[in-house]
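What Swiss-Prot says about this protein:
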type     : residues         : note
TOPO_DOM : 1-19             : topological domain 'Cytoplasmic'
TRANSMEM : 20-38            : transmembrane segment
TOPO_DOM : 39-472           : topological domain 'Lumenal'
CARBOHYD : Asn63            : N-linked glycosylation site
CARBOHYD : Asn74            : N-linked glycosylation site
CARBOHYD : Asn96            : N-linked glycosylation site
BINDING  : 135-141, 295-303 : 3'-phosphoadenylyl sulfate binding site
CARBOHYD : Asn250           : N-linked glycosylation site
CARBOHYD : Asn413           : N-linked glycosylation site
CARBOHYD : Asn457           : N-linked glycosylation site
Amino acid sequence: MEKGLALPQDFRDLVHSLKIRGRYVLFLAFVVIVFIFIEKENKIISRVSDKLKQIPHFVADANSTDPALLLSENASLLSLSELDSTFSHLRSRLHNLSLQLGVEPAMESQEAGAEKPSQQAGAGTRRHVLLMATTRTGSSFVGEFFNQQGNIFYLFEPLWHIERTVFFQQRGASAAGSALVYRDVLKQLLLCDLYVLEPFISPPPEDHLTQFLFRRGSSRSLCEDPVCTPFVKKVFEKYHCRNRRCGPLNVTLAGEACRRKDHVALKAVRIRQLEFLQPLVEDPRLDLRVIQLVRDPRAVLASRIVAFAGKYENWKKWLSEGQDQLSEDEVQRLRGNCESIRLSAELGLRQPAWLRGRYMLVRYEDVARRPLQKAREMYSFAGIPLTPQVEDWIQKNTQATRDSSDVYSTQKNSSEQFEKWRFSMPFKLAQVVQAACGPTMHLFGYKLARDAASLTNRSISLLEERGTFWVT
């Protein structure tokens with residue numbers, strides 16, 4: 001009697017074994033199963049999410065970057081690029097094998113038609129803009145440059161829901177997996193598939209209606225007709241529209257509004273590495289332009305300590321009690337943040353073929369000093385005409401007589417605001433940032449303060465002039 005076959009050790013052994021014994025039916029079934037998990041974009045997100053929810057409960061710091069993604073420990077952890085490469089390699093092998101066997105991957109034809117509704121806005125002219133930033137860099141303010149334009153569908157931080165619903169470990173493959181989930185959700189949103197958010201909204205929408213979309217009121221497109229449905233008594237939205245009362249958000253109507261607009265723009269502070277956006281840049285259904293917004297890391301930290309006081313208790317304690325040393329974990333986290341930003345910017349400024357003409361680096365300080373000029377540059381880069389409506393908003397909201405006390409306000413006396421941190425930051429705090437983020441500050445043209453006097457001396461500039469160097 002013939003011995004039972006041992007289970008093959010890798011995919012190649014399986015293919016070889018199946019070919020030898022002619023068991024094509026079993027192989028095709030395997031291919032179909034794998035395609036369901038890898039190729040089907042909408043389903044993979046929910047499946048990955050469910051899997052990751054089983055990881056021990058950990059709320060990720062929105063401002064932290066896992067150093068393991070930059071330098072893996074003992075080469076035992078997968079970096080994002082390695083994990084992404086593994087997925088792409090398996091996808092390619094399955095595609096080639098299925099063609100050899102005469103099987104056409106069904107998902108390709110389905111995805112090819114996914115963006116057809118957007119062609120109503122004008123074939124070949126639709127732009128997709130991603131404002132890539134970190135918290136407290138002025139991204140809400142700069143995002144308004146796109147939100148105020150009537151023909152742009154703008155979303156404010158939709159990835160917030162993913163971070164609050166799916167819990168990731170700080171290190172290793174789980175952190176890389178989070179980036180893949182963010183990317184897949186981001187792609188579907190840029191394609192106006194807003195249903196992709198529903199599994200991550202808590203509590204879940206009913207009949208595509210929700211009262212809990214994060215910062216709905218920060219998107220004009222979600223607060224205008226026909227998306228703004230009649231107000232329902234005793235039904236109150238957590239993040240309501242600012243200037244009018246609307247009923248719960250109808251996700252179907254929101255998606256339709258997105259497809260009617262000429263362009264799509266989205267602000268995200270949870271995108272860690274520029275390289276992971278390559279599949280989106282190369283997707284033929286998207287014409288993606290990435291604007292990376294950066295700010296002096298000293299100003300960022302000063303702002304975060306105020307805005308996220310609970311997360312920065314260790315810093316506040318260190319400052320108030322006069323301790324000599326800050327926790328090394330805190331310093332490492334700060335260094336990881338800066339390194340992540342620097343590596344993304346260096347990649348963008350190198351202009352690899354896939355990113356050429358699709359990346360722009362902008363300093364918040366330049367926007368604050370010359371908001372209208374920088375808005376024109378960003379719109380020119382995106383290939384979208386700037387309207388008088390946006391220009392008027394910029395004029396009115398960058399010359400406020402006094403800054404709002406709201407840390408999330410988008411109304412600023414911007415020419416004064418960008419240096420305000422210098423006069424409230426203790427010099428020893430500036431020293432920690434300068435030591436941890438020196439290479440990043442050098443790349444972006446932020447000068448080091450030599451002492452407490454130079455930090456608070458307004459006549460001493462801590463900013464190098466960089467001109468059009470920032471547009472690539």
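Cβ from N, Cα, C; glycine included.
A quick note: this is a predicted structure, and the numbers were derived from the prediction, not measured.
Asn457 (N-linked glycosylation site) sits 18 Å from Ala302 (3'-phosphoadenylyl sulfate binding site), counting Cα to Cα.
Model confidence over the topological domain 'Cytoplasmic' (1-19) stands at 48, taken as the mean pLDDT rounded to a whole number.
The separation of Asn250 (N-linked glycosylation site) from Thr137 (3'-phosphoadenylyl sulfate binding site), Cα to Cα, is 31 Å. Ser139 (3'-phosphoadenylyl sulfate binding site) sits 26 Å from Asn250 (N-linked glycosylation site), counting Cα to Cα. Looking at Asp296 (3'-phosphoadenylyl sulfate binding site) and Asn250 (N-linked glycosylation site), their Cα atoms lie 39 Å from each other. For Ser139 (3'-phosphoadenylyl sulfate binding site), other Cβ atoms within 10 Å of its Cβ number 22. For the recorded positions shown (Thr135, Asn457), fewest C-beta neighbours within 10 angstroms: Asn457. Across the fold, the C-alpha of Ala302 (3'-phosphoadenylyl sulfate binding site) and the C-alpha of Asn250 (N-linked glycosylation site) stand 38 Å from each other. Within 10 Å of the C-beta of Arg298 (3'-phosphoadenylyl sulfate binding site) there are 24 other C-beta atoms, taking all protein chains into account. Cα spacing between Thr135 (3'-phosphoadenylyl sulfate binding site) and Asn250 (N-linked glycosylation site): 28 Å, rounded to the nearest whole number. You'll find the Cα of Asn250 (N-linked glycosylation site) roughly 26 Å from the Cα of Phe141 (3'-phosphoadenylyl sulfate binding site). Looking only at other Cβ atoms within 10 Å, the busiest spot among the binding-site residues Val300, Ala302 turns out to be Val300.
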